[in-house]
Amino acid sequence: MADATALTFAALCLPFLGAVVAPFLVRMLGARAAWLLALLPLLAFAHFLGQLPAVAVGPITGGYDWAPSLGLRFSWLLDGLSVTFALLITGIGALIVIYAGGYLEGHADQGRFFSFIFLFMGAMLGLVVSDNFLMLFVFWELTSIASFLLIGFDHRRAAARRAALQALVVTGGGGLALLAGLLLVSSATGAAELSQLLQSGDILRDNPYYLPVLLLVLGGAFTKSAQFPFHVWLPNAMEAPTPVSAYLHSATMVKAGVYLLMRLNPAMGGTVAWEVLLPLFGGVTLVVGALLAVAQTDLKLQLAYTTVASLGLLVMMVGFGTSHAIEAAVVYLVAHSLFKGALFMVAGIIDHETGTRDVTRLGGLRHALPATFAAALVAAISMGGLPPAFGFLAKEQIYDALATASPWAVVATSMAVLGNALMFAIAFAVGLKPFWGKTKGTPKQPHEAPISLLAGPAALAALGVLAALFAGHVHQWVSSPMASAVSGSTVEVGISLAPHIGLPLLLSLLTIALGAAFYWQLDRLRAGMALCLRWLGTGPDRGFDHAITGLIRLSAAVTRILQPGRLEIYITCTFLCVAAILLLPLWIYGELPVMPAFPSHLQLHEAGVLLLALAGILAVVVARDRLTAIVSLGIQGFSVAILFLLFGAPDLAFTQLMVETLAVVILAMVMTRLRLSPRDRRSFGQMLLDGSIAIACGCGFALLLMKATERPLDMALSDFFNTYSKAIAHGANVVNVIIVDFRGTDTLGEIAVVAMTGLAILALIRVRAHTERKLAENDPNAPEDLGVERP
Amino acid sequence: MNTLIFRTVAPGLTALMLLFSVFVLLRGHNEPGGGFIGGLIAASALAIFAIARGVGSVRRAIVFHPLAIAGAGLLMACCAGLLSLFLAVPFMTGLWIYPSLFGVEVPLSSVMLFDIGVYLVVVGSLTSIALALEEREVE
């Protein structure tokens, strides 16, 4: 099936294509470009939908060689888990793009926004289908970078910048932990691809490094999926425009950690550490997130904290280990994506139409926004876990899985009930409260949202109900293959809308009763939580600030010690080290070279050049002013160049000649600018010290070179290049062939350094020129024209 | 050192040096020379011109900002390496074609493109440093 391979690759590229063309399309078509752009993810969606029947049978792998000499492949693994994620990412992605077209209509930077969101979509899509570890890591970090750009989209506000930076530091740091973990996995099992790892059985679990590997991987997963105490970045990420929040929370980034845990469950799950750490962190995140959600008055923040709670619930279920729990996690994940996406878009519509997101200022919007209200209510029913929505199935399955498990389950079950009840309350606080009650005055007079804004929430809310009504089909094509992939063996998901008599139903009723009570007393609950938070004081969010401030203080302190700002100290240190490195090994190991005999066949012109070099050095030492010293140094350099020329290295001679010329020119330019006195005014002691360091360095180099020439010359490399440079690289000049052909990649690195150095030096000079211009501008006697060009 | 003789000779000298630098660059594959040394010669030529006639005239003469030239060179060198991507050979593999121009066979290669990239990076970086230093005549 070479065809399917090419098509999958194309589907992976589509979002990146969107990222490139979006700015141009927006410039040409304005906000209508969104409809066209949405076709890209839709095409990818159609491709992955077409893969479902094949994936239901077994996983598909495919890909291309990337860097074969490093064993690196661009390879993907399509199974129930990755295809479900791919469908969510592309499907919801298409709706988000349309929604963003309406939401940011007329925004000056809409094209840039689309670029970022497509970049993000592509990164996320690559992440979930990656088979190769390194490819997974590359896409993992790309999602962090893309989310940094998206969260900081409104970069003029300090809060947005801080939130973006925080997300990058937290998730990027976790990504590094993940990289270390994956490398360890790779060296422990010999697997470079997930598909190999999943078939390797217990090798990883039995490895002595299992626990460090697990901790590192969890570091990546927990930071990405905002588990307590790393959850802070996620609510702060609400600084991003609402379409981003909707996308981040429903389909993509925050679920990447959950995806990773699900993916690794067959290879790493089922151990004591796994079954303790995941439910523990997940459970705490669930309760903390749900409680913090209640404390908010901002619609988006309420939803953000319930996402934290939902992610906690998912992690808890994955860690629980039974196949029932896996089924519950799978169904809940799909349900959550549908309702959370819808509700976020509704929150965005409310914000867009009324000018506020504060629940205390909203009410009675059902008259003005009837269609939005319908979508919101249906999504809220799913989130609250009421029939006939997919969320109901998910909740029943959770209770079914927890109630039939170990004694630990009592704790987990009560956490789940409490969390679900709080989420029930929040669901209706967002989906019902702003629309019900008396109409309140809002900053803007609300009107029903346009079709581009409504399409997304309406579609997702409707899907939430349809998925429940046709649960059999959904389970057959989506839930069962995904659950099978996560648990590593065939699992049939069978939950339906029919009442589940027994403990699950009782727990469900308890949840609804509690949730209704919470909803009833939401204001009082919020006041209570606010009191609690004030009593608790600093949280992890402030902690992040303290950590960053501390880091800056630390680096400032270290800099003060290591870089006191006096050039002569640096230079003295550097050359002392050079001298020590050159001389000490020779002396300690007794490897001092034998003094060679004075060459008897020294020709007259050779001796002349040597004398010239010596004269140059002598002139440097005795020179009365700096300029003379520089020029004398040039004499010495030119003599060396002539030596190179005499002994058959014209390339070296050439380069030496030019470098000497430029060195003299640039040194002279610097010297005349530095306002140094023309004379050297060092004290005699200082001169003695500097002189001895210089002599030590020189002796070190000379002795080392002499030692090197004492050994017989190995001609292997010279022979190789002499033989092959004409045959392979079509060049007679061996030196140049080595530079541009045999070692071309090194040269590429070197010229990159040269260009970078040029940039840095220019920046430094410009900083000084700028301050001097400032000084000159304040000087009443300064001439009008300062002779400084602005490039 | 800004004498009349120097100011008169400098433009001719610069032009000669620039021409020589291109010559050195192009012969580099078979004779002593190449991008690096050619770039150094060109940079010194521009430095001489800058000392004689002022930084402004050099900037006008080369049209682009020196660092833009360096950037273009880096990009060119990267592209020379990436050409191999389309022929499914490892990164930076030297590729050669021999088109015939007016009956003369002209060997062209990605290696030459790479060398020109090196040349431009060296010229651009060094010239931008030299010009920036020469320019700071504020005091």
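Including glycine, each Cβ sits where the backbone N, Cα and C put it.
The shown structure was predicted, so the numbers you read here are calculated from the model rather than taken from an experiment.
The transmembrane segment annotation in TrEMBL covers A:6-26, A:33-56, A:76-101, A:165-189, A:276-295, A:302-323, A:329-350, A:371-393, A:405-430, A:501-520, A:629-647, A:653-676 (among others). The domain 'NADH-Ubiquinone oxidoreductase (complex I) chain 5 N-terminal' annotation in TrEMBL covers A:69-114. As annotated by TrEMBL, domain 'NADH:quinone oxidoreductase/Mrp antiporter transmembrane' applies to A:130-414. What TrEMBL lists as domain 'MrpA C-terminal/MbhD' is A:611-675. The feature domain 'MrpA C-terminal/MbhE' is assigned by TrEMBL to A:689-766.
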Contact yes or no, the transmembrane segment (A:76-101) and the transmembrane segment (A:165-189), 3+ Cβ pairs under 8 Å, gap 6+: no
Segment-level pLDDT (mean, integer) for the domain 'MrpA C-terminal/MbhE' (A:689-766): 86
Helix, strand and coil totals (DSSP H, G, I; E, B; other) for the domain 'NADH-Ubiquinone oxidoreductase (complex I) chain 5 N-terminal' (A:69-114): 31 helix, 7 strand, 8 coil
Secondary structure content, the domain 'MrpA C-terminal/MbhE' (A:689-766) (per DSSP, counts of residues): 68 helix, 0 strand, 10 coil
DSSP-derived helix, strand and coil totals, residue by residue, for the domain 'MrpA C-terminal/MbhD' (A:611-675): 57 helix, 1 strand, 7 coil
